[in-house]
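So that you can see what the record holds, here are the features copied from TrEMBL:
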- 917-944: disulfide bond (DISULFID)
- 31-177: domain 'F5/8 type C' (DOMAIN)
- 183-352: domain 'Laminin G' (DOMAIN)
- 358-537: domain 'Laminin G' (DOMAIN)
- 539-576: domain 'EGF-like' (DOMAIN)
- 575-617: domain 'Fibrinogen C-terminal' (DOMAIN)
- 779-944: domain 'Laminin G' (DOMAIN)
- 945-983: domain 'EGF-like' (DOMAIN)
- 987-1173: domain 'Laminin G' (DOMAIN)
- 1-27: signal peptide (SIGNAL)
């Protein structure tokens, strides 16, 4: 037939093109009719009943017949009430009530559903909440609307808790409406074929929807082919649904694996599947979870749908589907119903026949099942079989004693392998193992067989693995077999379990080839059990829709899941929080130096971290490289009228856009040289976000101006043109400069026209994109009153929420942030002067996380708070203190549902508000613009000064912190170092002819005498590296003959020479450290305060000596002839080596010579080369501090402080002393 289908035995049983879910009710229909009230008593069943008048048939809502409701014989956790609705029905709500006129009612219960009265499925809210709240008295009705409506025939309610002063008592009602169903069953050999010819009208949104249920974890559900021989396939593989796209006819070679979704879909429950085809992508939905996927390159769904389309449903193959399909709908056409009308049955039945496999769930460490063994053990052997599924790597499956105390058998999982151990007194243990990766959640079969002295353990039958042994004793089952675990020791001493208990599902238990009737076990007619759920498998795949973010890998056990974040760049229980800073600015203000850093511009957001270069020495922090950073020379060519270049950047598009947006300033150099050029409109460039837009302005001009910098400055070579390169001159012209308008950056391509003209020539270079500043880091607001606050839209952090900010205050308490819902809330507050409190409620009751500081937090210094809440835990971190954490309830509510405004700095009640500053507030990686909102809010000021109190310590090496309106900077003028934090040493390489002379102040020569002054303190420090000895490192002299000289003597030891009185010889202080001329870096510090002097070489302890204070004046002139002969000889040798970080009090002569020579009183003689020779990377020598007692010379170990008053008005570094005039400088 050429309309829909033919009988095609031996063709595949599945179809898929694009799915959309079928509707259970007409649009607008209210599905809330009572379903129980009109049922006959025979529709009710229960685990037991107290009496005839307490039977299940009396459990109808608001009815008073019999004893006014159902009550079981015993009130315990193994009771249940079941209702048969007669057919599969759409169920939307359930209501409960206690037994009329009694003290009997439920306070909590579980809700189960089934199509067959077996294989029950537990209803879960939010995929984690099990229990429904019940009643508080016998008469009121408590109704719960199901978040996800259910389609089922049978409803079972299991009491969990009840009135402690009564017993279990129940009346109930369910609500819903009729459900339309067209079902087809496949046995693994049957099939349906639909040929759509002519093809139905193509729609903008094409879809296929269906439901399926099966006990088998693999099989092709649906296959669709088009005239182009491309095909789409929907296939079940290991319990997951795959959407496949293939090129060509073959079904064996997978060309494109598009997406996979779902897990444990072989649970014999109905699952909804929808495939939707849009113009550019496919949507696959399984049980309300959707994945979006773009078409792979070269193959589109449209190719499958061209001309003819064939649907094969369950075509003959070893991968055939075995199970039931329901409501298979393609673009609104019910294909199953159509097949019924045309009587096109490809060996299928239009009903769902399914086998009954009764499973049981071992839910807790107390779970076990005890079954009786065979009454007369066979002398030839025994067999035990079962199937199990679990996520745990370890657990006891089975144990029993050999008859007549002959030993013990354990069958258990360890490291996801099956192990058998048999312990028999007087013999070595017998051990076997088989299988691997048995904790994958799939059903695995196990068989233990002992026959005629041969013992075999088999996993997964013929397709699995087995292990064999030939014990010298018979292995037969004893009087009892224990599955999953053991009862408490006092109740069953014969069962011992040295292994972990089993948590998972079992089914098809067989002892000596006889299947165990688990329904009889459930009814307590056979065996014994505890903490079992019988006739259901409650396994949950917690990794199917993984809560592990940012690519974290998910693993799981029976009760929880874990995220491995090791390779993601994120941390936390769900890999939510980035381990990287969001900008170079943030790294800079942590004290980091220039280098490559990973930047995560949106924190916990979806944009991936990127490795970029951060220049911390100046204002250009972030460098973004591209593919063509070099100069390109373009000469005249007659082959084309233009030259174009495209620039690809190292960062992804969203990363690049985010960096530009959050930066305070961005710039990109565009160098353009030309001759014989007409320029615009023949030349342009493309820049900006996305693909960019055509830009006609050039460096130095505003966007859209069609000008260059010279056009704005009216300095172009030809006044008639707005750019130099417009003038068509034969000589070279230049229109170069910086592009600084962020909205036009980065430069993505460049087009140069007019290159075909004879003589035309040009050269260009597009520099790297450079950005600096972070608008988010310093975005702050000051809250002046406790009643002041800022408000923002509702915070949406349903499953993951991270909040970070900095604060400073002088108040002892106040609420930083609050957002409320109907019942849920989230709040962060300063609860006391030393404690921060993070609290929230997602429906499980308030949860609090506290961090106690070791010192007051109201110290008017910046403190950082980072709070995170996810489905596994909540954490709170204050500054660099260890994070405090609280685990979330294992099966509690997980969605944070808020609906009010977000309040910052206060609360909705305007109580407990915060007074102080809040800065850099980010919620899930998004920065809130506090400053903009503060500008329009009374009682709140934009910005917050006072950063040096917190960050002044970042200014190193005597650098001074300087306040800025929105940040701070370091003034390095009093330091021998430079850089953003005065942390970069200033070093130079010296040669014998090199010297630096620094004059502090010229004397007033007309004065008859200089004033009598006293120098009471000086501090001198430097580092050196040399292989020369002897060598003069530093000389400081005054107008008189007093001086200080620092040198290496001929024994490679350090000497400090003082001459405090021109009438006396110099005093010499020698270091004990040898071999200082070893080419390694050594640091020297000389300090004097009043009558104490210390000299420290690198890092040793300080030893001091005391002496009377000296006063002296500087009136004489010093020249090289004033030096003693030995010092003059050493000075004449010059210095070869490295000097670094030279500082005399607040003057750095070396830095002045290298960086500020034009503005400093410094004279440089000979070659002076700046270098990085002052690096401390190689300095293996121990340090020594040496001190000198006035009036003595030589090495000194310990003693009293020394007084030396040395007045220095000139300094000479690293070379021959030049004859100069030095005037006095007053230092107090």
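Just so it is clear, glycine is given a Cβ too, placed from its N, Cα and C backbone atoms.
Note: TrEMBL annotation is automatic and uncurated.
It should be emphasised that the depicted structure is a prediction, and the values quoted were computed from it without experimental measurement.
Touching of the domain 'Laminin G' (779-944) and the domain 'Laminin G' (358-537) is ruled out by the presence of fewer than three CB pairs under 8 A, sequence neighbours closer than 6 excluded. Residues 548-552, 563, 565, 568-569, 623-625, 650-652, 654-655, 658-659, 662-663, 772-774, 776-777, 800, 802, 804, 866, 868, 870, 922, 924-926, 951, 954, 967, 979-981, 983-984 of the same chain, all 6+ positions outside the domain 'Fibrinogen C-terminal' (575-617), place their C-beta atoms under 8 angstroms from a C-beta of that stretch. A C-beta separation below 8 Å, combined with a sequence spacing of at least six in one chain, links residue 944 (disulfide bond) to 780, 781, 782, 808, 917, 919. Counting residues per DSSP class in helix, strand and coil order gives 9 helix, 68 strand, 70 coil for the domain 'F5/8 type C' (31-177).
Across the domain 'EGF-like' (539-576), DSSP classifies residues as 0 helix, 10 strand, 28 coil. Cβ neighbours within 10 Å of residue 917 (disulfide bond), excluding its own Cβ and spanning all shown chains: 23. Taken as a whole, the domain 'Laminin G' (779-944) shows an average pLDDT of 93 in this prediction.
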